[in-house]
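The structure appears right after this line, and notes come after that.
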Amino acid sequence: MRIGLFAVGRLKTGPEKDLAARYLDRFAKAGPAIGLELARMTEVAESRASNGETRKREEAVLLQKAHPDGGILILLDERGKALDSEAFAALLGTFRDQGKRDLTIAIGGADGLDPSLYDRADATICLGKMTWPHQLVRILIAEQLYRAVTILSGHPYHRV
């Protein structure tokens, strides 16, 4: 299953980008052995619209263009369901085992995600109830993708 990340906003060169890239590289190397591969990282500029609702709508259009037809859509949202690492790995494994070809994990902009996306989403999850800056969210989800691969493959990286 090909996994893509979609993010509103661009990571500037620096330690955050380096750390996210390190975990995505680990995921890209370990994932194919268990049927998971990194397909793409799509970054789009934040909308310049004058109000939040318009910005969210414009960003949702960009997400829909980047998301493969028939693919699984997971939204990251502070109001989403909190999963531990094992449950996140199980969710990815379930989608993979159902024969799903593409999965996109979406990180919204400062205004959040457009309400229309929630109806289309296959899952809405959170990385805790706190609000995180998008730079840190990318690091956290990149690490959790790598951790999910290690859980699904029985690698000792994940210890409880």
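In case you wondered, yes, glycine gets a Cβ from its N, Cα and C as well.
If you look up Swiss-Prot, you'll see Leu76, Gly108, Leu127, Gly128, Lys129, Met130, Thr131, Trp132 marked as S-adenosyl-L-methionine binding site, on the strength of sequence analysis.
Taken over all pairs of the listed S-adenosyl-L-methionine-binding residues (Leu76, Gly108, Leu127, Gly128, Lys129, Met130, Thr131, Trp132), the Cα spread reaches a maximum of 15 Å, rounded to the nearest whole number. Remark: Gly128 (S-adenosyl-L-methionine binding site) has Glu78, Ala82 as non-local neighbours, by Cβ distance under 8 Å and separation of at least 6 in sequence. The local packing around Met130 (S-adenosyl-L-methionine binding site), expressed as other Cβ atoms within 10 Å of its Cβ over all shown chains, amounts to 7. The Cβ of Lys129 (S-adenosyl-L-methionine binding site) has 9 other Cβ atoms within 10 Å, all protein chains considered. Cβ neighbour count for Gly108 (S-adenosyl-L-methionine binding site): 24 (other Cβ atoms within 10 Å of its Cβ, all protein chains included). Most other Cβ atoms within 10 A: among the binding-site residues Leu76, Leu127, that distinction falls to Leu76. The local packing around Thr131 (S-adenosyl-L-methionine binding site), expressed as other Cβ atoms within 10 Å of its Cβ over all shown chains, amounts to 11.
According to DSSP, Gly108 (S-adenosyl-L-methionine binding site) is assigned to coil rather than to any helix or strand.
Of all Cβ atoms in the protein chains displayed, 17 besides its own lie within 10 Å of the Cβ of Trp132 (S-adenosyl-L-methionine binding site).
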